[in-house]
Amino acid sequence: MEDERGRERGGDAAQQKTPRPECEESRPLSVEKKQRCRLDGKETDGSKFISSNGSDFSDPVYKEIAMTNGCINRMSKEELRAKLSEFKLETRGVKDVLKKRLKNYYKKQKLMLKESSAGDSYYDYICIIDFEATCEEGNPAEFLHEIIEFPVVLLNTHTLEIEDTFQQYVRPEVNAQLSEFCIGLTGITQDQVDRADAFPQVLKKVIEWMKSKELGTKYKYCILTDGSWDMSKFLSIQCRLSRLKHPAFAKKWINIRKSYGNFYKVPRSQTKLTIMLEKLGMDYDGRPHSGLDDSKNIARIAVRMLQDGCELRINEKILGGQLMSVSSSLPVEGAPAPQMPHSRK
C-alpha cells in the first residue's frame with residue numbers, strides 16, 4: 001500500500017542451437033549499399049561490427065547480441081508479436097516491453113550457448129507483502145498509520161507460480177475506529193478489525209507461517225513490495241507503536257517499482273501498480289486496495305518481469321530508521337530466517 005491513492009519462461013535450456021530467423025526489413029546504409037537485418041547477430045555483407053564507442057567488444061557473442069538488438073529495434077509491433085509468438089513467449093504489452101522481452105530471450109539463448117550459468121541468480125521464493133493501514137482522507141501529516149491487513153503471497157521463482165498465501169486482519173489500537181474513507185478505500189469493515197488480533201500476535205503468526213515454508217533455512221528468499229512505504233513507513237511505525245524492534249527479515253527488500261523502472265527504462269510516474277499492469281498488457285484482478293489482491297497482482301508483475309529476463313534482487317533497506325538504496329553491484333543476498341523481534345525498552 002503506497003501513499004498514492006488518486007504492478008512461460010522464454011527459451012529452452014536444452015535447446016542446442018540459438019534460433020536464427022531473418023527480419024524481412026531492409027535498411028539502406030547508403031545510396032549504393034543495403035544491408036539485410038538478421039536476428040542471428042550477423043551481417044549478410046560480412047562487414048565488421050564496431051561498438052558505439054568505436055572499439056570492438058572483447059567476445060564475439062556480444063557483437064551478435066548487439067546486432068540482434070539493432071534488428072529488434074527496427075521491428076514493428078506486429079513483427080515483434082509474431083516473433084514472440086514463434087518462440088511461445090508472452091505477446092501482450094506495449095512496444096518497448098515487447099522489444100525488451102525479445103532482446104532478453106535472444107541474449108539468454110546466446111549466453112547459454114557460450115557458457116553455463118554459474119551460481120544462483122534468483123531467490124527460491126519471493127514473499128510479496130502489501131499492507132493496508134488506517135487512513136483518513138487527505139492523509140494528514142500527523143496521522144499515525146496502523147496496519148490493519150497483513151497479507152503475504154509466496155511466489156516460487158522456479159515454477160513462477162503462487163504457491164501459497166497468508167492473510168490476517170489486524171486490530172488497530174491508537175485509532176481503533178476506522179474512518180469512513182478507510183472503509184470505503186480498503187473494503188475492510190470495523191467488525192473485521194474488532195475481531196482481529198493486535199499486531200504482535202499477527203506478526204507471530206506470519207513468522208510461524210514463514211518458518212513452516214522453511215524460508216531462510218532450506219530456501220533462499222526475500223521480501224518484495226510495491227514501493228518503499230510498506231517496510232520503511234507502515235511496518236516501521238507499527239513496530240514503534242507495538243514496542244517491537246523492526247523484524248530482521250524485513251530490513252531489506254525488493255522495491256518492484258524501482259526494478260520495473262530500471263529494467264524497462266521508464267520514469268517513476270510510469271511505475272504505479274495499475275500502470276505497470278497496463279504496460280505489460282494485463283488488467284487488475286480483484287479489488288483495488290485489498291492487501292491480498294494487491295499482493296497477487298504485484299506477484300503477476302514480478303512473474304512477467306522474470307519471464308522477460310529481469311533479475312529481481314534486493315534494492316532497498318532500512319538502516320538506523322533511514323531508507324537507503326542497495327547497490328546492484330553487491331552480491332545477491334537473501335533475507336535471514338524469520339524470527340520474532342525483541343521488544344523495545
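Each residue, glycine too, has its Cβ placed from N, Cα and C.
Residues annotated as active site, proton acceptor in Swiss-Prot, with similarity to another entry given as evidence: GLU132 (among others). A simple way to gauge crowding: the CB of GLU132 (active site, proton acceptor) has 25 other CB atoms within 10 angstroms, across all the protein chains here.
Summarising the annotation, Swiss-Prot assigns active site, proton acceptor to HIS289 (among others) and lists similarity to another entry as the type of evidence. DSSP assigns HIS289 (active site, proton acceptor) to coil, not to a helix or a strand.
For ASP130, ASP230, the entry in Swiss-Prot reads Mg(2+) 2 binding site, with the evidence type similarity to another entry. Within 10 Å of the C-beta atom of ASP230 (Mg(2+) 2 binding site) sit 26 other C-beta atoms, taking all shown protein chains into account. Taken residue by residue with DSSP, ASP230 (Mg(2+) 2 binding site) is part of a helix.
According to Swiss-Prot, the feature Mg(2+) 1 binding site maps to ASP130, GLU132, ASP294.
Within 10 Å of the C-beta of HIS289 (active site, proton acceptor) we count 20 further C-beta atoms, all protein chains included. Among the features that Swiss-Prot reports, AMP binding site is placed at GLU132, ALA133, HIS289, with the record citing similarity to another entry.
Positions annotated as compositional bias 'Basic and acidic residues' by Swiss-Prot: 1-11 (among others).
Among the features that Swiss-Prot reports, compositional bias 'Basic and acidic residues' is placed at 19-46 (among others).
Across the residues of the domain 'SAP' (72-106), the predicted structure has a mean pLDDT of 92. Annotated domain 'SAP' per Swiss-Prot: 72-106, in sequence order, evidence recorded as sequence analysis.
The domain 'Exonuclease' feature in Swiss-Prot is assigned to 126-302.
The annotation phosphoserine is assigned in Swiss-Prot to SER55 (among others) on the grounds of similarity to another entry.
According to Swiss-Prot, the feature phosphoserine maps to SER58 (among others).
The region 'Disordered' annotation in Swiss-Prot covers 1-50.
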For each of ASP130, ALA133, ASP294, count the other CB atoms within 10 A of its CB; which of these binding-site residues has the top count? ASP130
Recorded positions ASP130, GLU132, ASP230: which have a Cα within 10 Å of HIS289 (active site, proton acceptor)? ASP130, GLU132
Span of the AMP site, taken as the largest CA to CA distance across GLU132, ALA133, HIS289 (Å, rounded to a whole number): 10
For GLU132 (active site, proton acceptor), the three-state DSSP class is strand
